[in-house]
Amino acid sequence: MSDLDLLYSDVEDDLRSSVRNVLADHCDPAAVTAVYDGDRSGLDGLWKALAVDLGLAGLLVPEDRGGAGASAREAAVVLEELGRAAAPVPFLTSSVVATVLLLAAQTDLLPRLAAGTSTASLLVPLSTVPDGPLPSIRVGAGGRLTGTITSVAGALEADVLLVPVRTAAGIAVYAVDTAVAGVVPVVSLDMTRQLADVTLADAAGELVLGDAEHAIRRALEAGAALLASEQLGVARWCLDTTVAFLKERRQFGRALGGFQALKHRLADLYTGVESMNAAARHAAAALAAGDLDLPVATAVAQAYCSDLAVTAAEEAVQLHGGIGMTWEYPVHLYLKRAKADQIAFGTPDTHRARLGALIGLDS
Amino acid sequence: MNDDLPEELHRRVERFLAAHDPATTERLTWLRARFDAGLAWVSFPAGLGGLGLPQALQAEVDGLFDDAGAPDNRKKANGIGLGMAAPTILRFGTDAQKQRFLRPLWTGEEIWCQLFSEPGAGSDLAAVATRAVRDGDTWVVSGQKVWTSGAHHARFAILLARTNPDVPKHGGLTYFLCDMTDPGVDVRPLRQITGEAEFNEVFLTDVSIPDSHRLGAEGAGWKVANATLNNERVAIGGRAALRESGMIGEVVDTWRTNPQRRTPELHARLLGLWVEAEVARLTGQRLRQKLALGQPGPEGATMKLTFARLNQQLSGLELELLGEDGLRYSDWSMTRPDKVDMTGRDAGYRYLRARGNSIEGGTSEILRNIIAERLLGLPAEPRVDKDIPWKELPR
């Protein structure tokens, strides 16, 4: 456990502003809200601009395998910005989780993901804990796959599903073309990361990785570690927007932000968000460094950031007053994302229980 | 940061240790030599105990000296000197003041205390009423200070006094370095809820302070005091720490050694607080990385706020965890400890002492105002006394 660098490098700051510029052009809050009504037309070109034009899809892929050879620290910065915009893109599911899994395999799928010409999703429920039970699909004669997995994130955007399959030797991963799978969209709490129930019925699959359990858990661990940065982005948006609103909004002849009861709540929220920043940065740095402390760093970041992001979004709704309850004002996008993120990759209590075993604090 | 720096510093420490064996060198001689070698506080300038290096390297240097069995410079007894007086003297002092005060402060030969708060000036610190009147080259100071930790063994004090009652309160203050051995200084113990008297009341009656011991310009006391307070909040909330150090360490020890007391509810609370303590530790680490080259700003307020809340919650949990043993208290007799130790003594003491963490060094309520106004830019609290000369304020 060394003192990891918890700040941002100049390169990371540059990356942040590039991502923010693309989101400003392609990810208008009204267009994001429209996805709740099934209209994605306002987001045309968003994923291509991020994945291909900025090259974010290949961020975690080494250069000799067709990627940018960056680290989890940069991916975390991207996720902060995506969280800040509640952007409906499959970066976390495809460019982090599926990509980290495929780094362990020899497959031409990886360069395709890196190039952004293909998008993949690991076929597990979004709520799967990195060290929890792994659901798996059955494999029949001739490598045909059968079974149903519910509440999968990123499946709707994917053209390839990475399917955990239980074999005599353990858990293997097969690649399945989404065209041969039954992908049923779920009306989701967070439609900016819409889930799907996926059914495979005697579907053809290609073996990608034989003894894959370790790689699957590493991929989920990376997803959980970096989700904290997305949660940080969500919380920062909520804090910044609420502070700006309360400076403008006048009642009783003065700016609402001058009332001490509200100032103190915002001061507490700021303190919490600064703490999230340290926890999320630490998890990203531990992942980037391959630090042995990663499971503790991840569990701490998830246990803390999951709740704080929800608090930030709930405070944002409350402190905006009536407008915070409207469909038109974007704060609800962040509330829904924060609440769904709290459950994603394991709820905070799951991570605290995990931590108890890791640090020797038994019940 | 230059990558070779830690290694070069490492060699420098080893050369120093080779020439000054801690086992055979007299304590003060050794400490003075360490100061003169620039290895006391490495971020201070050369000639003043440092080498002008990043603050981030300090922990490493301290670790190397600790491993070599180096004598202690009374860190725990001189927290105010090291954490507050020294950085303020470094920033605002004259060359003569820096030369006179910094070395004996660092070696622990001269312990410092803080004469800021008064019965009528707590959260409203700028309202201090202690008067300093100029008489030629000296100032004559009279007034009453309170909540003065360690005044009973301090050689010097940082002092905030009113030099001009005719202007609004913030503008009439001046900052002094006060000799605690002056016959006009009367230190009386102030007993606290723990039973002991770590604090004091200090009565100043015609105390004489040479003008050469004024820190900063006449009337600039508020600005100088704020630099001290920002350092205080970093010092209180932002120490470099290992995982499970401080109050959380005490509670997990109690948990691990008392399996018979465990319940699922206490376990859940402990894990929640463990996470918060770890995040607070990381937040402090991140803040120190940010501040490595600069002066502490109001950001330290967030650490102090978190530190106070966690200490209180953790020490409260520890008593519950102890069950029947939590009903006992070690000793109510009036003692005068020579150091401030938040995690010292027993769990009952820790619980009571931690209540002060959200009062001392700026109450949590004042800190929230500071965060809201100075970090978030929200409107300031109404200040009815802002434009009124201090002497006309109702008291």
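Counting starts with 1 at the first residue shown.
Glycine is treated like the rest: Cβ placed from N, Cα and C.
Remember, TrEMBL labels are computer predictions, not curated facts.
For B:30-109, the entry in TrEMBL reads domain 'Acyl-CoA dehydrogenase/oxidase N-terminal'.
Residues or ranges marked as domain 'Acyl-CoA oxidase/dehydrogenase middle' in TrEMBL: B:113-207.
Here TrEMBL flags B:219-376 as domain 'Acyl-CoA dehydrogenase/oxidase C-terminal'.
Across the residues of the domain 'Acyl-CoA dehydrogenase/oxidase N-terminal' (B:30-109), the predicted structure has a mean pLDDT of 94. With DSSP classes pooled into helix, strand and coil, the tally for the domain 'Acyl-CoA dehydrogenase/oxidase N-terminal' (B:30-109) is 47 helix, 0 strand, 33 coil. The helix, strand and coil residue counts that DSSP assigns across the domain 'Acyl-CoA oxidase/dehydrogenase middle' (B:113-207) are 10 helix, 48 strand, 37 coil.
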